[in-house]
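A.B. asks: Copying in the features that Swiss-Prot gives for the protein in this structure:
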ACT_SITE  Cys14  active site, nucleophile
ACT_SITE  His119  active site, proton acceptor
ACT_SITE  Asn134  active site
COMPBIAS  257-275  compositional bias 'Polar residues'
CROSSLNK  Met1  ubiquitin cross-link
CROSSLNK  Lys200  ubiquitin cross-link
DOMAIN    244-263  domain 'UIM 2'
DOMAIN    329-348  domain 'UIM 3'
MOD_RES   Ser219  phosphoserine
MOD_RES   Ser268  phosphoserine
MOD_RES   Ser272  phosphoserine
MOD_RES   Ser273  phosphoserine
MOD_RES   Ser321  phosphoserine
REGION    257-355  region 'Disordered'
Amino acid sequence: MESIFHEKQEGSLCAQHCLNNLLQGEYFSPVELSSIAHQLDEEERLRMAEGGVTSEDYRTFLQQPSGNMDDSGFFSIQVISNALKVWGLELILFNSPEYQRLRIDPINERSFICNYKEHWFTVRKLGKQWFNLNSLLTGPELISDTYLALFLAQLQQEGYSIFVVKGDLPDCEADQLLQMIKVQQMHRPKLIGEELAHLKEQSALKADLERVLEAADGSGIFDEDEDDLQRALAISRQEIDMEDEEADLRRAIQLSMQGSSRSMCENSPQTSSPDLSSEELRRRREAYFEKQQQQQQEVDRPGPLSYPRERPTTSSGGRRSDQGGDAVSEEDMLRAAVTMSLETAKDNLKAERKK
């Protein structure tokens, strides 16, 4: 592909690019094409003068600008046709009745010149392959034999005029090289405007990225991924909620213990300790159950006589009655303490929730 001559668009000099891409070299310049255009203008003036230099048509012709060129660099089909005659080449309209009667397969031709409004470009066969040498492209575009007819038909549908170039084109390096090898094109060339827009977009994105990196370096904070940031925030919120729940639970337990302590102080005998911890309550319950078991064992154990030994009613009986009273009072006290502890914990927790 590097051996193919391809002039890219400059201004409105597409006619010059079309001819040079066709001939595969810098054969024509704007000055040479302008000279051909002036010759055509002079020939047209002479023909108009044949009707009389004083005629209205002649004066109108002189006032009109040239139809073969303009200041932008545009050149007419007549200029292109005359330029090709220097090389013995001729242009024939592709869709003319004369050419269509010949029924020539497009792949058997050597080159085409295509025109739409003021734009010209060449489609040429180099070696055994066809190439679109449009100067608006960033490079030559490979066209397969099967796609060539469809490509030309598409151009006609879009309003292009297509001319067949007849004659022997000058030899060129690309044609000789591609006679021996075939090229493959992995990526089609883009239009120059698209390439410039793509480069500008990349430049803008690069500038934005650099600004973001500079800002990140200045602040010391850079979030590589927005999703990671959202997940981190969600986890942080969950941890805060868990901490709040744990704090509520600790306050409820503390209030429960305070309430149970107050209840036990109010309901316990004055001889007991003013503050009973949970450990003390547990020890008292164990002592109560052990005493109950010992009493049951004494009742069930048989004595040396068939009747139980009598005991003084005043002392021993009084002591047994006191022990039973102490046991009952301790049992009631434990039950009441546990019940009041649970109720107090519930009430305190509800009050804390309302706050």
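Heads up, the Cβ atoms here are built off N, Cα and C, so glycines get one too.
Describe the structural surroundings of these features, if you would.
C.D. replies: All protein chains considered, the CB of Cys14 (active site, nucleophile) has 22 other CB atoms within 10 Å.
DSSP assigns His119 (active site, proton acceptor) to a strand in the three-state reduction.
When secondary structure is read from DSSP and collapsed to three states, Asn134 (active site) falls in the coil class. Around Asn134 (active site), the C-beta neighbours below 8 angstroms that are at least 6 residues distant in the chain are Phe121, Thr122, Glu141.
Neighbour list (Met1 (ubiquitin cross-link), Cβ cut-off 8 Å, at least 6 residues apart, same chain): Gly139, Pro140, Val183, Gln185.
For the domain 'UIM 2' (244-263), the mean pLDDT of the prediction comes to 54.
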A.B. asks: Tell me, by DSSP, whether Met1 (ubiquitin cross-link) is helix, strand or coil?
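C.D. replies: Its secondary structure by DSSP: coil.
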A.B. asks: What's the number of neighbouring CB atoms sitting within 10 A of the CB on His119 (active site, proton acceptor)?
C.D. replies: 18
